[in-house]
Amino acid sequence: MSPDAATDNAAASGWSLPQTEPESVADPLLAGLLLLARHWGRPATPQALCAGLPLEDGRLTPMLCLRAAERAGLAARWSQRDLDELESGYLPALLLLTERRAAVLTGWDENGQQAQLQWPEEAGGMRPMARAELEEIYSGRALLCAPLPERTAVPEADDDAPQRHWFWGALRRFWPLYAETAAASMMINLLALASPLFIMNVYDRVVPNQAMETLWVLAIGAALAFGFDFLLRTLRGYFLDLAGKRADLLMASKLAEQTLGLPLANLPPSTGGLARTLQDFEPLRDFFASATLATLIDLPFAILFVGVIWLLGGDIALIPALMIPLVILIGFLLQRPLARAARAAHSEAARKHAVLVEAIGGLETIKTLGAEGRMQRQWERSVSHAAQVGAKTRNIGSLAVHLALVAQQLSTIALVVMGVGRIAEGAMSMGALIACTILSGRALAPLAQIAGILTRFEQSSVSLEQLNRIMSLPNERPAERRYISRPALSGAIALENVRFAYPGQKFDALSDITLSIAPGERVGFLGRMGSGKSTLFRLLLGLYEPQAGAVRLDGADLRQIDPADARRQMGYAPQEPLLFVGSLRENIAWGAPQADDARVLHVAELAGVSQFAQRHPMGLEAPVGERGAGLSGGQRQAVSLARALIHDPPMLLLDEPTSSMDSASEAHVKRSIAALPPGRTLLLATHRASLLTLVDRLVILDEGRIIADGPKEQVLRQLQSGALPLSSANGAQPAVGGAA
């Protein structure tokens, strides 16, 4: 079933998501899917199934349910079935019920009159229901599931499976629409014979005999043919647009999911270059969802027109028959230089876009440094290079167009000259010559566009190649990796002989780190700039993987836990928080859209957001601006801290959480953290001595190594006495690449 059709059916059965919903049913589809996953031996957590999905109001839709099922290792599809058709071979199945409810049908009694149902709103409890009663509330749609086969970790196996390709697989999924497009094109080209045949008969039969009745019959027939031609062209455009829209939704979703799921270590070094590469999806999609594809479909029908010319004029058909391969040969000869020019144009466009993104993002710094001239020079240089390469591409394309037009004109002249000779011999009529001339132009017309097609083809090929590189990068949630379900972590953290270096860096950011933190322990991390404090937090969050050693949560290797599960149970406040366009409330609940107002207000008060929000007439609905530009650094840190607390996580990772705050705001945050219920593991990296009262243990990092670890008072005495071997400011070689 197509996504559009499924969505329409969902809406018709009462499953279009409303703005509000009773709190007793948080997400029946998700809860039911979790029950199915458990039945098939694929236990999962809500966070693992929903991570990165575009939830509506924080809930699964019927179509998103299919994507979530795949994450659970289940092949799922929605099926329109009566209860009589849901036999044991299809069970268990998730039934869509009225009033936005759902239930898992696990079986029937011996008489088939009593349904055994698991109810998500009752924590998966079993409650039977009579068949007649179930029929009254059953919407007629059921989710049928089966476990997917285990995938191996052999990349070549996946690469050789074309049905799994993110682009070709999506196009193949909508092949019926493309088949209908081809059928419409065939009829359009057959109807294109109406015009030349009409003119031929008028000149050869109507005019000599003054047969006006025949003229009207022919005119009406030609008009009907043109009317059908119009309808078929409209249908062809509709089919292309429909296939393009559906494929666009599918491919764009896969592309965004892959990009958002890339580990930070695999991200390209240039954000602007990555953005430009992702924009290449537009010309790639347009190539397969536009008139270009229709033109390609029309090319084979040139043989049909040449055949009709042979029937009407005999040997004169050799002229277009020779011109067609000649024009195609010209196009192929120009393809290689055109491909080189297209690749160069893509590279220069990516560089230009990277300069633009860097300039806009760093505009404040550029102005304060007085570096507008230098940035302007970089921009003009990149624009100049891109323009030169673009001009070369256009020149090659124009050459192909001009050669094709010349070939078409020469073909017309040669055909007329040869046709006049055949008329003189009495082997051909005037009407037939006119018809052959029209058919020759019709046969060569698509070839005149071959230059534009080749240009777009090369651009699309380069775009596909670049996008394939992104899609082939390892994802932080590989499909072949099976995670263990850890929905509730206690907060025990361990690092065993961990070594890590940022991509492209020669020096280790962390080296031989061994550390054990008990649940509920409060640990402070001290060290110079670049000592590895922030890097340590990033490893704990799974943003990077160590090159050696292991990071463990509750004894389990972090790589065995779904990243969504682990991160949801870690509240993280980074050194430099990034806010998104929207309100204070939206930014606080960015990772928890289902959080109610009471929870948002509570964490806003704890983090000190309420102190400045209440001074704004819009309160928590006050806009923060792009990247939080409307707030001060301390206010952004307060919002970041509120984010970290929104899930009430068992572990808090606070990286310089008050470095930009004033003393009063810092004191408020300090009191809030101190008042948090016991049992929560706290990791605090700071240079503020006042915050050390929040911790009982100190870890000192220097050059990516632990040089001290122990009770707070003992480590502080060692620091004050100079007993710790800290590297000198000049002699140290700090780890770079983000280690702070």
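For all residues, glycine too, the Cβ spot is worked out from N, Cα and C.
Just so you know, TrEMBL annotations never went through curation; they're auto-generated.
From a predicted model like this one, the values you see are computed outputs, not experimental measurements.
Within the set 1-21, 568-588, 715-735, the record from TrEMBL flags 1-21 under the feature region 'Disordered'. For the domain 'ABC transporter' (493-728), the model gives a mean pLDDT of 89. Applying DSSP to the domain 'Peptidase C39' (19-145) sorts its residues as follows: 43 helix, 40 strand, 44 coil.
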